[in-house]
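Here's what Swiss-Prot has on this protein:
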type	residues	note
BINDING	5, 8, 17, 23	[4Fe-4S] cluster binding site
BINDING	236, 260, 304, 398, 426, 451, 486, 488	hybrid [4Fe-2O-2S] cluster binding site
MOD_RES	398	cysteine persulfide
């Protein structure tokens with residue numbers, strides 16, 4: 001059985017995974033994800049038509065962003081759960097089709113098949129359905145941006161925030177991707193619009209997070225362990241960890257964060273829980289080793305899952321929820337009737353486990369989202385004016401397995417002492433434990449939070465632009481050297497472009513889904529570039 005996927009940075013040979021996914025995705029899972037996306041596009045066409053006369057379906061809105069999130073890299077490896085989503089999607093599409101007529105409807109709207117036909121149909125609806133290389137490249141750029149946006153939309157939705165304008169745009173974009181006559185120019189316009197709506201989605205999530213949990217503040221986070229049983233929470237969904245903290249309070253079970261959940265420690269309304277014990281381990285890709293020694297159950301609230309080895313001792317300790325899935329793992333169902341998720345099964349499991357084994361000790365510091373940095377604005381501005389801070393380096397983004405990512409550690413180590421790193425996302429793990437010191441009390445690594453908190457870095461940049469009276473954001477002493485891995489990084493990139501940021505450097509490699517011509521458009525219009533060596537790049541960026 002064959003597949004084709006090139007949505008992540010680690011795609012095989014830098015061109016595409018065809019036998020199995022580097023991520024661990026089987027061809028069966030990859031093809032079912034393609035079919036799910038095909039069904040989603042059809043639902044979007046119908047719901048967009050219904051929206052024009054005020055009859056759009058809220059059920060369709062939610063199904064679309066949840067299904068998109070399911071197909072993000074490392075989110076869902078459970079073929080059966082994806083098949084169930086396809087079946088539900090087909091039922092939903094049928095329901096919508098009974099309410100509106102679409103003239104010249106695309107195949108995405110008209111196809112209905114049972115499970116015996118899924119595999120055959122999936123072979124025809126994936127990335128390679130588009131023969132023109134540039135059209136395909138731009139379609140997938142938009143597709144991946146919309147996937148990343150869907151993740152941020154779902155997190156905000158879980159906290160009670162939704163924006164009909166964002167739903168409408170996502171579905172308009174998905175409907176446009178069904179067009180066989182769409183042009184390069186139309187797709188470029190759609191790409192830029194995706195970036196603009198990405199800014200809105202990140203702003204909405206920032207509002208949702210801060211209104212519920214307070215503004216992130218400077219916080220020390222323990223990276224050691226205590227002597228109690230623990231539950232390790234990975235992913236990005238703050239609502240999930242909040243409910244788990246509430247349900248474990250007073251039980252003697254500690255809660256630890258992993259990878260992108262680290263910033264939970266920065267929010268006042270989460271850090272107040274005394275049993276939020278610390279952060280265990282490093283970036284997502286090290287989990288095969290680190291989960292062995294944690295001893296307790298692990299909860300994946302979102303990506304990034306790495307399928308465990310067959311002989312892994314922690315296989316029966318994995319729990320998934322939300323859009324995530326892994327065959328053999330226990331799934332925590334969604335909230336019903338306004339009630340919390342029921343985490344009792346994972347809590348009972350934790351009671352039977354030994355405490356985690358320490359793999360590190362000490363503390364790390366974070367919490368430098370926009371409100372906290374703006375509160376320090378006078379100090380930062382003075383440091384820039386005095387020359388104590390020569391330049392800021394935005395090193396937000398994702399971490400990954402490739403050995404070439406050691407570049408980011410070397411880059412951080414070799415940066416001069418009068419520079420400051422602004423970061424968000426799991427890229428931080430390449431340097432957030434290095435002894436890089438501070439500048440007049442300002443840490444040289446300012447961690448804003450999760451990947452979506454790249455929005456904070458943009459807000460900080462715009463505030464500095466205002467303070468220094470600059471007309472162009474690109475005149476600031478800021479260099480963008482961003483590591484990417486999956487589709488949320490794509491929407492962050494498109495959002496930065498929408499805000500006018502130019503000369504962004506992406507690494508460790510440029511996306512395989514960018515055709516030579518599309519890549520050239522990004523270079524010519526936005527100054528997008530790659531990376532070389534740490535020494536060469538530092539010399540170039542400081543010149």
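Using the three backbone atoms N, Cα and C, a Cβ is placed for every residue, glycine included.
Highest local Cβ density among the binding-site residues 17, 304 belongs to 304, counted as other Cβ atoms within 10 Å over all protein chains shown. Of all the binding-site residues in the record (5, 8, 17, 23), the one with the smallest CA separation from residue 486 (hybrid [4Fe-2O-2S] cluster binding site) is 8. Using the Cβ center of 5, 8, 17, 23 for [4Fe-4S] cluster, the list of other same-chain residues with Cβ within 8 Å runs, in sequence order, 6, 7, 10, 11, 12, 16, 21, 22, 25, 30, 73. Taken residue by residue with DSSP, residue 5 ([4Fe-4S] cluster binding site) is part of a strand. Candidate binding-site residues: 5, 8, 17, 23. Nearest to residue 451 (hybrid [4Fe-2O-2S] cluster binding site) by Cα distance: 8. Of all the binding-site residues in the list 5, 8, 17, 23, the shortest Cα-Cα distance to residue 488 (hybrid [4Fe-2O-2S] cluster binding site) is found for 8.
In this structure the alpha carbons, written CA, of residue 17 ([4Fe-4S] cluster binding site) and residue 304 (hybrid [4Fe-2O-2S] cluster binding site) are 18 Å apart. DSSP gives residue 486 (hybrid [4Fe-2O-2S] cluster binding site) a coil state; it is part of no helix or strand.
The closest partner of residue 398 (hybrid [4Fe-2O-2S] cluster binding site) among the binding-site residues, by CA position, is 8; the full candidate set was 5, 8, 23. Here residue 5 ([4Fe-4S] cluster binding site) is positioned 24 angstrom away from residue 260 (hybrid [4Fe-2O-2S] cluster binding site), judged by their C-alpha atoms.
Listed in chain order, the extra residues whose Cβ falls within 8 Å of the Cβ center of the hybrid [4Fe-2O-2S] cluster site residues 236, 260, 304, 398, 426, 451, 486, 488 are 259, 284, 303, 425, 450, 485, 489. Cα separation, residue 23 ([4Fe-4S] cluster binding site) to residue 426 (hybrid [4Fe-2O-2S] cluster binding site), rounded: 17 Å. Of all the binding-site residues in the list 236, 304, 426, the shortest Cα-Cα distance to residue 8 ([4Fe-4S] cluster binding site) is found for 304.
Note on the binding-site residues 260, 486: the fewest other CB atoms within 10 A surround the CB of 486.
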